[in-house]
Amino acid sequence: MGVFNYETEATSVIPAARLFKAFILDGDNLFPKVAPQAISSVENIEGNGGPGTIKKISFPEGFPFKYVKDRVDEVDHTNFKYSYSVIEGGPVGDTLEKISNEIKIVATPNGGSILKINNKYHTKGDHEVKAEQIKASKEMGETLLRAVESYLLAHSDAYN
């Protein structure tokens, strides 16, 4: 098994605490509402949202795969950090054991925030992660972030 690490950052005009509430803590409800072209539903399979919780994320028709199951690994409300692993569905299967993801939202001096994202692809055997997988993951994250950001800008009273 190999582990391939991919790190990226994304900026937002939304303050870190507000973005954490919307994007991380309420993303299950917000994503299908603001980005139905990317996520059709999120179902809580097991747990209360904290570590160990299992969620099934379903994708719209025409998407490369029907669903993924995520396991919540950490929710740090103080440091705006969230870790989860994709454990089933989507790209996980013959070549990938799991994908571990960590998102940390950091406040910026201008009142916005930076999302620091670390993805670890745990491969089976000597398989390598394809550039298309990383690109698709980054595009999905960017789509969700911009949709949530637009929603928050249009609804200034939400998630304060």
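Cβ coordinates come from backbone N, Cα and C, glycine included.
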Determine which of Asn48, Asn101 appears in Swiss-Prot for the same brassinolide site as Lys55, Tyr82, Tyr84.
Asn101
Swiss-Prot annotation of region 'Hydrophobic ligand pocket' - which of the ranges 34-42, 61-69, 133-141, 142-150 it falls on:
133-141
Number of other Cβ atoms within 10 Å of the Cβ of Lys55 (brassinolide binding site) across all protein chains:
19
Residues other than Lys55, Tyr82, Tyr84, Asn101 within 8 Å, Cβ to Cβ centroid, of the brassinolide site?
Asp70, Arg71, Val72, Asp73, Ser83, Ser85, Ile103
Is it possible to list how many residues within the region 'Hydrophobic ligand pocket' (133-141) are helical, extended or coil according to DSSP?
9 helix, 0 strand, 0 coil
